[in-house]
Amino acid sequence: MQASSSAGAFVAIMSFLSKLWSNRWLVLVASFWIQACDGIGYAFGSYSPLIKSSLGYNQQKINILGNAKDIGDAIGLISGTLCEILPVWAIYLIGAIQNVVGYGWIWLIVTKKVAELPFWAMCILMFIGTNGETYFNTGSLVTNVRNFPKSRGHIVGLLKGFTGLCSAIFTQIYTTFFAPDLAAYLFVVAVGPTMVALFVMFIIRPVKEKPGDSIHLEKIGFTFIYADCIVMAAYLMGVMLLQDFISVSFAVSLTFTLILFFLLLLPLATPVTIWLVKKKTSFVTSLDPSAEISFGAPQLVEEDKSAVVPLLPEDSTAAKVGFTSEDLGEPRPFTESRPGSFSGSVEFSELEDEKPADIDLLPEPIKKQKLNEIRNMIVFAAADGAVRVRRKKGPRRGEDFTLLQGLVKADFWLLFFALVCGAGTGLTAIDNMGQMSESQGYANSGVFVSMLSIWNFLGRLIGGSGSELLARGYALPRAWALVVSLSLMAVGNVLFAMAWPSTLYVGTLLVGIGYGSHWGIIPPILSEIFGLKNFGLFYNFFILSSPIGSIFLSGFLAGYLYDIEAAKQHSAGLTSTELTCLGASCFKGTFLIMTGVCILGIILAVISAVRTRGVYKNLYGNQSLHR
């Protein structure tokens with residue numbers, strides 16, 4: 001009896017582990033861990049002062065090194081292409097190798113364990129190390145967006161949020177185990193992400209949506225994860241400020257770090273909870289089939305059961321390439337299914353030509369009635385030969401584009417240059433945060449880098465969930481959320497330029513949230529306008545916006561103006577070296593110019609929002625809470 005009981009328990013455990021392994025939520029949680037290592041580039045402000053002092057670089061060289069980092073973080077077209085060819089584990093393996101080679105060699109140089117290399121070689125090493133992040137990022141995003149096709153905004157916001165939190169997590173680990181040896185920070189950066197990537201590379205993989213999955217279950221999972229994220233961000237913020245203002249013992253710091261690890265592991269409860277809820281639902285249904293629980297659609301009463309008989313046969317073999325309205329849980333547009341009819345996608349080009357220009361101003365019920373009348377007129381006119389149905393060249397907004405097809409669209413470049421303005425200015429602030437805080441007299445620049453990381457994290461969550469509310473709740477373009485993000489950054493840049501007392505804290509908050517929200521907003525927009533089939537390529541092309549902006553704003557502008565001011569102060573006897581600048585004048589001109597760049601981005605985002613409003617009405621109009 002005891003042996004039978006033990007065997008039964010073993011079978012039950014193995015069954016549970018099998019279900020857990022095939023749970024897409026486990027893939028998402030493992031992706032959080034690797035994404036928490038994907039933002040190492042944001043920690044540049046923490047270790048760049050070490051490189052500057054150890055190798056004798058001026059600020060312009062440091063900013064150029066930062067540009068090499070940004071380019072490495074942005075050149076993801078290779079990883080995006082390989083992601084369509086290689087398995088996900090191979091993508092992570094390539095990223096892990098690049099990370100340990102690039103950052104590991106820099107650590108060896110800074111610690112004088114190997115000979116110093118020329119500056120151009122240092123830039124190449126920085127590029128290689130940071131480029132490893134693109135493999136982590138692409139593997140996680142592409143896999144999970146496909147695993148959760150109905151919750152793209154939440155998925156992107158959460159994944160990119162953990163990327164923003166990376167710097168704060170690694171700073172806490174460094175503070176606990178290695179401080180004050182700043183060179184050890186580079187060692188953590190070289191080894192940590194590589195170890196995590198090797199651990200999760202076989203867990204993160206495509207997992208199909210199961211029949212029992214529903215929007216209700218997704219809401220349960222996302223609510224729990226969002227709560228954990230908010231608690232983790234608040235906790236890290238409190239710990240960073242506490243350790244900045246008072247000295248804590250190793251035991252206390254170790255306790256802080258162990259609690260952080262617990263919060264990072266806590267999302268593992270999500271796949272277990274989802275499994276238990278699904279098992280309970282299945283158990284109730286097996287006891288009483290009439291009590292079937294459905295979270296997705298309203299139940300039919302007994303006398304209405306005839307309504308479940310389909311009027312048309314289901315086409316279970318229809319190709320579903322990319323992202324369609326069905327993926328959102330919406331019914332497909334009505335199309336004729338009789339011989340000689342044509343598809344709704346072909347009909348739509350005629351509908352666009354025939355509908356009145358002011359039809360969008362009509363009340364929704366009247367608008368739908370008018371569109372149906374025009375559609376039916378076109379159908380029968382085409383059947384009689386009165387209308388020659390034609391299809392516009394290339395895909396339309398919302399269909400699957402190739403990258404080359406996207407490159408000739410105004411929507412593509414409006415979004416791209418809006419992102420250049422936002423991401424370029426944000427990355428310039430992040431890369432120069434160490435020198436900014438030092439120039440304003442703050443002894444510990446690491447706390448501002450960590451705070452910026454936490455606000456960056458929250459911005460990504462807010463960008464993803466906020467744009468999701470705009471799209472699904474109000475059927476409004478997500479680009480309006482981009483307008484808000486750029487506005488926050490414009491105000492933050494003004495505060496950085498003025499350098500009034502304590503404005504560095506407020507500016508860090510505004511720029512961190514504004515910059516982070518870009519990466520929770522842009523990826524869903526790309527999948528909605530250009531489709532999901534080539535999402536990886538589109539996303540990695542858009543990442544190029546960061547180095548394009550930072551090369552000009554950080555490498556050529558911020559570093560140049562900083563060194564000019566440092567030379568002036570040194571010649572006036574205010575500083576002991578030409579490498580150091582003190583006071584608000586060091587970065588004032590840079591951030592005033594970047595304020596103007598953000599305003600330009602706002603204008604581009606507004607134009608994009610106006611142009612794409614029809615896409616969101618078509619995608620989310622039926623789901624809108626305020627239609």
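Cβ coordinates come from backbone N, Cα and C, glycine included.
Where the annotation comes from TrEMBL, it is an automatic prediction and has not been curated.
As annotated by TrEMBL, domain 'Nodulin-like' applies to 24-272. Looking at the domain 'Nodulin-like' (24-272) alone, the prediction's average pLDDT is 87.
The feature transmembrane segment is assigned by TrEMBL to 25-45 (among others).
Residues of the same chain lying 6 or more positions beyond the ends of the transmembrane segment (89-111) and with a Cβ under 8 Å from any Cβ of it are 34, 40, 50-51, 54-55, 72, 79, 82-83, 117, 122, 125-136, 138-139, 183, 186-187, 189-191, 193-194, 197-198, 200-202, 204-205. Under the heading transmembrane segment, TrEMBL lists 89-111 (among others).
Residues annotated as transmembrane segment in TrEMBL: 117-136 (among others). Among residues of the same chain six or more beyond the transmembrane segment (117-136), those with a C-beta under 8 A of the stretch's C-beta atoms are 34-35, 37-41, 55, 57, 61, 64-65, 68-76, 78-79, 82, 91-92, 94-99, 101-106, 109, 189-190, 193, 197, 540, 543.
Panel annotation: around the transmembrane segment (157-177), residues 28, 31-33, 35-40, 42-43, 46, 137, 140-141, 144, 184-185, 188-189, 192, 222, 225-226, 229, 232-233, 236, 239-240, 243, 250, 253-254, 256-257, 260, 264, 446, 449-454, 456-465, 468, 512, 516, 519-520, 523 of the same chain, lying at least six beyond its termini, place a Cβ under 8 Å from a Cβ of the stretch. The transmembrane segment annotation in TrEMBL covers 157-177 (among others).
TrEMBL lists 183-204 (among others) with the feature transmembrane segment.
What TrEMBL lists as transmembrane segment is 224-242 (among others).
Sequence-distant contacts of the transmembrane segment (248-277) (same chain, six or more residues past either end, CB-CB distance under 8 Å): 16, 19-20, 23, 25-26, 28-29, 32-33, 36, 169, 172-173, 175-177, 217, 220-221, 224-225, 228, 231-232, 235-236, 239, 242. TrEMBL lists 248-277 (among others) with the feature transmembrane segment.
The domain 'NFD4 C-terminal' annotation in TrEMBL covers 407-616.
For the transmembrane segment (412-430), the list of distant contacts is 42, 44-45, 70, 406, 436, 449, 452, 456, 479, 482, 485-486, 489, 492-493, 496, 511, 514-515, 518, 522, 525-526, 529-530, 541-542, 545-550, 552-554, 557-558, 590-591, 594, 597-598, 600-601, 604-605, 607-608, 611: same-chain residues at least six beyond its ends, Cβ to Cβ under 8 Å. Here TrEMBL flags 412-430 (among others) as transmembrane segment.
Annotation comment: TrEMBL describes 442-458 (among others) as transmembrane segment. For the transmembrane segment (442-458), the residues of the chain that approach it from at least six positions outside its boundaries are 39, 42-43, 45-46, 49, 161-168, 171-172, 175, 229-230, 233, 236-237, 240-241, 243-244, 429-430, 433-436, 504-505, 508-509, 511-513, 515-516, judged by C-beta separation under 8 angstroms.
Residues 415, 418, 421-422, 425-426, 429, 436, 459, 463, 466-467, 470, 504, 506-511, 513-515, 517-518, 521-522, 525, 584, 587-592, 594-595, 598-599, 601-602, 605-606, 608-609, 612 of the same chain sit 6 or more residues outside the transmembrane segment (479-498) yet have a Cβ under 8 Å from a Cβ within it. Among the features that TrEMBL reports, transmembrane segment is placed at 479-498 (among others).
Nonlocal intrachain contacts for the transmembrane segment (538-562), taken as residues 6+ away from its ends with a CB within less than 8 angstroms of a stretch CB, comprise 58-64, 66-67, 70-71, 73-77, 79-80, 134, 138, 141, 401, 403, 406, 415-417, 419-421, 423-425, 427-428, 431-432, 435, 522-523, 526, 530, 581, 586-587, 589-590, 593-594, 597. Look at TrEMBL and you will find 538-562 (among others) tagged as transmembrane segment.
Sequence annotations record features per position, and here TrEMBL assigns transmembrane segment to 582-607 (among others).
Beyond the transmembrane segment (183-204), the same-chain residues lying 6 or more positions past its ends with a Cβ under 8 Å from any Cβ of the stretch are 26-27, 30-31, 33-34, 36-38, 40, 43, 46-47, 50, 54, 88-89, 92-93, 95-97, 99-100, 102-104, 106-107, 110-111, 129, 132-133, 136, 139-140, 143, 170-171, 173-174, 177.
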